[in-house]
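Visitor: Grabbed the feature section from TrEMBL, which reads as follows:
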BINDING   A:30-37, A:147-150, A:VAL176, A:184-187  ATP binding site
ACT_SITE  A:HIS37  active site, proton donor
BINDING   A:GLN61, A:GLN153  (R)-pantoate binding site
BINDING   A:GLN61  beta-alanine binding site
There are 2 protein chains.
Amino acid sequence: MKVIKSIPEVREAVKCAKKEGKTIALVPTMGYLHEGHISLVRIAGERGNFVVVSIFVNPLQFGPSEDLKEYPRDLNRDIMLLEREGVDLVFAPDVEEMYPEEQLATVEVKGLTEVMCGAYRPGHFTGVATVVMKLFNIVQPDIAVFGQKDAQQAAVIKKMVKDLNLPVEIIVGPVVREEDGLAMSSRNVYLNSEEREAALVLYRALKKGENLLDGGVRSAKTVIESIEKEFEKEPLARLQYVYICHPETLKEIINIEKGAMIAVAAFIGKTRLIDNILWEG
Amino acid sequence: MKVIKSIPEVREAVKCAKKEGKTIALVPTMGYLHEGHISLVRIAGERGNFVVVSIFVNPLQFGPSEDLKEYPRDLNRDIMLLEREGVDLVFAPDVEEMYPEEQLATVEVKGLTEVMCGAYRPGHFTGVATVVMKLFNIVQPDIAVFGQKDAQQAAVIKKMVKDLNLPVEIIVGPVVREEDGLAMSSRNVYLNSEEREAALVLYRALKKGENLLDGGVRSAKTVIESIEKEFEKEPLARLQYVYICHPETLKEIINIEKGAMIAVAAFIGKTRLIDNILWEG
């Protein structure tokens with residue numbers, strides 16, 4: 001497994017792989033890998049035969065009051081985990097390599113970025129779309145794999161690819177959870193033991209919503225109120241939003257149908273967590 | 001020469017050419033071709049060996065009060081001209097092919113798009129950058145050729161390519177002029193014979209500025225005032241801006257040095273024309 005920090009070297013390595021007829025599959029990450037990431041790497045390995053994992057904590061997607069500095073990093077551990085998975089190439093550039101001069105060009109995805117997390121994290125999805133565009137142009141993958149945990153990110157990237165005719169297929173891997181239901185996230189490391197317990201409220205509330213749907217409820221209002229109530233019972237949690245929408249357009253849904261997504265964001269102490277479920281009906 | 005309207009067919013044709021080891025050179029145009037475009041096609045032919053010319057009047061770059069509807073079109077004539085130049089492929093999609101659904105994803109290039117034409121045509125360069133990004137992703141050229149006449153466009157595209165790591169080399173071809181100095185433009189067809197005569201003021205004023213520089217003047221203020229005076233003498237002309245700047249950053253220059261660009265935009269009757277010169281010192 002190669003670990004490369006320079007853009008020209010990545011281009012060269014991918015060029016060689018393409019010459020050998022390989023299908024390039026990219027998994028973009030911010031590192032500090034967990035089983036969620038590893039599941040995406042495995043999907044990449046099933047769909048492609050030259051797997052590239054990028055590890056880059058992208059400053060452009062962090063707001064001024066957000067956790068860029070504190071964001072957990074452990075490149076050596078990440079490399080060890082990826083080596084074990086048989087990854088071909090790790091691209092781990094530093095900030096200077098990715099942003100050598102003032103970044104004036106950005107990718108905006110209107111409509112999909114004003115709702116959900118976008119409403120609370122202005123500029124976040126512009127930062128995400130821009131760095132993913134850069135990574136796509138550097139690596140030029142045939143396939144790229146994202147996680148459903150970051151549902152809005154997946155929707156934004158899909159729309160970017162469609163609208164800008166990017167020659168890459170987007171695959172979205174399912175949410176991976178701890179045994180007790182907590183969605184895997186690099187930010188879970190911020191939680192103390194009390195908060196770790198309290199964080200279960202996200203999935204518990206989503207499951208309560210799902211149960212209502214399974215029981216025949218179709219009103220988004222009823223489902224949302226039930227989820228809000230579940231959060232009220234958890235003193236360490238502060239619900240930011242609950243939103244029911246189409247998983248690709250992110251358009252709000254009033255009367256729920258099969259395929260709808262229920263998404264929540266909440267602070268557990270100072271840690272902001274997100275989660276979602278797709279209701280398959 | 002192939003004339004193709006569908007995106008998948010273009011991708012296929014380019015893929016075949018790449019397999020043969022060809023270097024793909026793209027010339028993006030809005031059609032109604034003149035000698036200026038043809039000069040770019042020839043540069044493309046010198047630098048690449050599979051020349052693609054796109055012809056697409058891009059609605060996204062026209063303001064609501066601008067000349068989208070009137071913009072001159074003559075696809076058959078364009079095809080004849082390009083056939084004569086030995087072009088390999090003409091990509092002439094319709095609007096439905098390029099924008100099959102609401103275009104939510106766009107490329108913004110801040111800093112470079114608020115000055116010059118950008119100040120008077122809000123959204124124009126977002127439209128330009130977005131369609132060029134789409135064309136680059138569809139054709140995947142090794143090289144793309146733009147004209148220096150649209151100096152701000154060239155600067156915006158270069159910055160987009162650099163900031164978003166697009167794997168394409170941008171070449172800018174010099175302004176091509178009529179014998180009397182008028183810069184070639186598809187919009188020159190709008191001019192009646194009086195206006196055609198009046199339109200010479202753009203190049204005449206630029207040359208006057210250049211003469212000042214050749215004579216040792218270095219103050220942008222002095223050059224700008226001289227250009228403004230030249231316009232005042234022409235009753236059919238209304239100067240929109242004169243701007244002296246670095247040709248890549250478009251940052252305004254106060255004390256002129258070698259390599260500076262002088263750019264003007266003016267209405268001649270109802271027709272808006274632009275022109276510029278690079279002062280080589």
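Each residue, glycine too, has its Cβ placed from N, Cα and C.
Just so you know, TrEMBL annotations never went through curation; they're auto-generated.
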Visitor: Within 10 Å of its Cβ, which one of these binding-site residues (A:MET30, A:LEU33, A:VAL176) has the largest number of other Cβ atoms?
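Guide: Per the Cβ count within 10 Å, the most buried is A:LEU33.
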Visitor: What is the nearest of the recorded positions A:HIS37, A:GLN61, A:GLN153 to A:SER186 (ATP binding site), using the Cα of each?
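Guide: Closest by Cα: A:HIS37.
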Visitor: How many Å separate the Cα atoms of A:VAL176 (ATP binding site) and A:GLN153 ((R)-pantoate binding site)?
Guide: 16
Visitor: Quick one: what's DSSP say for A:SER186 (ATP binding site), helix, strand or coil?
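Guide: Once the DSSP labels are grouped into three classes, A:SER186 (ATP binding site) ends up as helix.
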Visitor: I'm trying to understand the geometry here, so how far is the Cα atom of A:GLN148 (ATP binding site) from the Cα atom of A:HIS37 (active site, proton donor), in Å to the nearest whole number?
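Guide: A:GLN148 (ATP binding site) and A:HIS37 (active site, proton donor) have their Cα atoms 11 Å apart.
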Visitor: What is the one among the binding-site residues A:GLN153, A:SER186 whose Cβ has the most other Cβ atoms less than or equal to 10 Å away?
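Guide: When each Cβ's neighbours within 10 Å are tallied, A:GLN153 tops the list.
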Visitor: For A:GLY36 (ATP binding site) and A:GLN153 ((R)-pantoate binding site), determine the Cα separation and express it in whole Å.
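Guide: A:GLN153 ((R)-pantoate binding site) has its Cα 15 Å from the Cα of A:GLY36 (ATP binding site).
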Visitor: Sorry to bug you, but what's the C-alpha spacing from A:MET30 (ATP binding site) to A:HIS37 (active site, proton donor), rounded to the closest Å?
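Guide: Cα-Cα, rounded: 10 Å.
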